[in-house]
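See below for the structure under consideration.
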């Protein structure tokens, strides 16, 4: 049987190749020295972020590299913060694969200061305590541990407003003036009323609102206490503010006002340019996201008005340096520069991320955004930032929020009853807290 | 090599009489080497298996008895079997078990049936046979991530090609992500697309080992192609079919990438409607950072696979015995 023998030989050879490959792989994993990182040579700083921080868009890396010829900056970016956090946690636990600079969302900062303070660099060692006066008080204290370690420098905060499509408003016969709209939707009831009006004469395949998840998120941002109280106890279940945001979102879903999209999903992204929704609750950082997704075609079609129901804050971020980072000193120099007033102001001009540095806030008061029909973003977001409450942060803020918006999607997309969905949310939160 | 060298340069025999005893020692050494060498050859595999297979398995069992959180993985708190009891009282565990089963059936059955048909067709003399054989393997060579992302676009609710096509026929668009059955069909279709060609090639190889005389004899007896398929091909393929069924069962039990990337949701959709066991484990471990519970799920899955494969093998053997007794 010559064929069988040949086959056998081939199999043996294949086996040898596979084995050799496995051995090589096992041996080859040792660190290869990074030749570019030698003394006196170039330092490559890695920056790992989520969403849109806007540093690259505002040309800040290029500028920094020009100012510091010895430094090269490499940025990686994950769109969805939940995915980003997952991989960051895995790498922190393993102690490898960490970037020199890691972004941290404000909903996670309590987890960093309370659970992982030993895994992040105390920036005080580099003299960060001298910067304290430059930042908004609440922003600064949230990144400081009880024993005084400073674990991150604030980039932006998330004062809230409402973005809307003037072209779609026009087609539906609604006013497009931002001042008039602010008056008509002074309350959330007014916003829903206007939505119902929109629905009657709206262009085909266009909803009033992108998703009830966004609506819930922006409403919860108007509250001081949300999921935790000041003593750190979980209170989402009996907090009337959560209930109100929930009920309003359910009402919007049941009235069919939303485009039934999931925030951060590919479909949500596509819908920005397709005109699937007329309004989107937008914290300042959302401006950059809208620009990115709606593209040049959306320029001038968008506008921004004051948020219904008062000022609020949703999100905002920090830059931190993990203990396991390779170039801590250089990384600190970079984040100190990136979060300095001038740079924060530049990011705001370009991307709309609202500065957390008090110095920067003063310089941008008159800023306008051409993309958003020349809306006075400096004033709108500046006012919101001044009036928004200082929020109580908790370890699982972000996860609790995710479970609740997930359950709201059930109401929105599947028509599940409010009570049943709330049970789902509670079960989800229990599951998260474990 | 070093062994033979030592043998040749062995110390001279004390009596210094001749090569006799020296030859004896060399022979012994050679014999020992012949006996031992197979173990040396397979040692690398078993070393790797111990380090990356057995040790993680046992360590997972150990971890599953503790409360371990990824964020504070240094602190372990003894829980005994509490992770397992929590699992069996968790509604989402049962949902994901059921989903794993339904998605498994929805993907494995059409996949293997289509593979069988494809292999049967490819077994005929076709023009460009080699090209076609290579082509059907292409989906298998595509990465899960790429394939799933493309399928997710196709199955999009508002801008998906499939809903567009459905609309042309005049039907209402289907929400492929939200509906339980719809989403499971969508996820299964990715699996079917990726693995059908792979299985078809395995079947083809099996078919080609069936002696050609059997077909000739069947043809002489006036059996149609279909009858030949039923009475010659299928019995001849039985071992191959059992193999693919077992492999597909294991694959279906571990299904993970497709449901995870389909919507980018770690809970398998807003109501866990297409969350598989693999995804459920991932959600507990890397979504909520409960490593202890994730380890418990891993072990339950392991036992489940062993039981499934065992049942498969048992059925197969019993059928084979029945055939033999006939």
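Glycine is treated like the rest: Cβ placed from N, Cα and C.
Keep in mind that TrEMBL annotations are predicted by a computer and have not been checked by a curator.
Keep in mind that what you see is a predicted model, and the values were worked out from it rather than measured.
Ranges compared are B:68-89, B:134-155, B:156-177, and TrEMBL records transmembrane segment for B:134-155.
From the options B:13-34, B:101-122, the stretch TrEMBL describes as transmembrane segment is B:101-122. Counting residues 6+ beyond its ends, the transmembrane segment (B:134-155) has Cβ neighbours under 8 Å at 118, 122, 161-163, 176-177, 186, 189-190, 193-198, 200-201, 257-258, 261-263 in the same chain.
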